[in-house]
Amino acid sequence: MFRIGQGFDVHEFAEGRPLIIGGITIPYEKGLLGHSDADVLLHTIADACLGAIAAGDIGKHFPDTDPAFKDADSAVLLQKVWEFVREQGYELGNLDCTIIAQKPKMAPHIESMRKRISELLETSIDNINVKATTTEKLGFTGREEGIASQAVVLLQKK
């Protein structure tokens, strides 16, 4: 049996925070605002995985009202989600992600993100695709106010 999940997340830029996307710290003058480390891509992937098994979303499992998750490492959160997915009897078919950002340029970091995500999801890098696009200076991402991401995951029963 196959299950498909879709994820979407948005975070606004904030001064004085590191920019962490896909488990990788990216040199930039701003980071993303959030209760955790605000890794927009890993949050999106977690939501896609949870959606595929009809288990809600990241906010249900790691609420931003819980001080235990303040400044949490999103890689650890994704690992917990993935452990839960595997306990339900699923493994990864493939994952396709899109980062939507005017700046900074993501291309130099894509392969590092793919590698890190493949480690977190215990799969071959060949099952992970990460790409980036801009909105041609339209909307909040085009005005460089934040970053969005989308992901689609295919899970298969072990």
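Cβ from N, Cα, C; glycine included.
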Record-annotated divalent metal cation site (Swiss-Prot): member among His35, His43 besides Asp9, His11: His43
Residues within 8 Å of the Asp9, His11, His43 Cβ centre (excluding the divalent metal cation site residues themselves): Val10, Leu32, Gly34, Ala38, Asp39, Val40, Leu41, Leu42, Thr44, Ala148, Ser149
